[in-house]
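Chemist: Sharing a structure, written as structure tokens. Questions coming.
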Amino acid sequence: MLPQEEALDILIEFLQVHGYTKVKGISLDTIRILAFIVLRENVCVYNNKIYKQTLGGAMGSSFALTLANIFMWKWQKEFVRRQDISGEFYGRYIDDIFMTWNKSENELRNLLDTANSWHPNIKLEYKVSKSLPFLDVLLTNSNGILLTSVYHKPAAEPYVVPFSSDHPRHVFNNVVQTSLARAVRYCSTLEAFNHEQRYIQLALLYNGYPSTFIDREFQKFFFGYISSTSFLPIIDDEKQFLKMHRKLLDQPTLSQSQAAFSAAMADIDNDQTDETVNESKESKNYNDESKQHCNDKLIIHYTHEKRIHSFKKQMHRIYEHVFNNTPVSHVKMIVGNRNRQDAKRELIRKRPKQSLLQNKPIKRRRKKTKKIIKIKKPSMDQQQQQT
């Protein structure tokens, strides 16, 4: 629902405010032209007709999502300014906003109603309460103390990757480890964590995970962060839990690390301040070292199947036997696996037919009519005359 011309103006303003005159050697004028092409030259097919999009961007487009975030950066400036003045919290993830408020509820509703008039295409649907979910976190105001826990939608089913599915072993380990890591991060009290831990155990049992496997993975997770002499896969000490809670919060997640690295690499070859250029050079040197480090590795991927579970060991055995005491013996071979594509990706056809993309009329095939020719056999007199 974003006006395309206005969104492009805000894109250029965003780059200028953050000190960009070029991005990867491309001028801002050229970036605007390219962004204009992506937005305006976007078509879709419905009922054998081609339609051109005139408002907003395509759903699922990475550029459209980035542009929408930049558009909201402009829209939320007044919100952020007011929250900073009053010392309150404001957070946004795409189209979900969470904010705190300590004045009267009528003042808050007046502010939100005023925000609905800032732009004709952006309307807020809000809910005011002492306990509210934000994404998958439940936040509760308990006498001025903000408590957090994991939020599960009422309609959510307790499904994870079934233990009987054809996946590599580490996938099942990661299901348990990531569920516990999320619980420790989100839960601010031991009581909330124990409640979520019981939910995880029941969900795993429901999906066919053996109880011995669950207990072993729980113990492995806890021993990685705290030292405990208990053989039970539980935590009953509030101090130990808070220690693990703070330790995990200080560690960046995989997505946070990837976003930070992408942001650092994005500033290379851009016209910005000297300080930013120095940081970009350091990131570029780090990237060069990483590439040099990868040159000493041979990475092989194969599609995982349970019936060939010993494939990795066989590959390493053959590699050592063939290349031992050779000039490439220092190269380390890494054998990884890919999961098989699900039936949805295999069976659904998203791309229209070639004839429709070329916008050519479909030629109808003419039915071929068979002609029956009756051949009369010549008489004996005719045969003698022909001879």
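Any Cβ shown, glycine's included, is placed from N, Cα and C.
TrEMBL labels come from automatic prediction, so no person has curated them.
Checked TrEMBL, it gives:
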DOMAIN    1-147  domain 'Reverse transcriptase'
REGION    353-387  region 'Disordered'
COMPBIAS  361-377  compositional bias 'Basic residues'
Chemist: Could you give me the DSSP helix, strand and coil counts for the domain 'Reverse transcriptase' (1-147)?
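Modeler: Helix, strand, coil within the domain 'Reverse transcriptase' (1-147): 62 helix, 33 strand, 52 coil.
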Chemist: If you average pLDDT over the domain 'Reverse transcriptase' (1-147), what do you get?
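Modeler: Result for the domain 'Reverse transcriptase' (1-147): average pLDDT 89.
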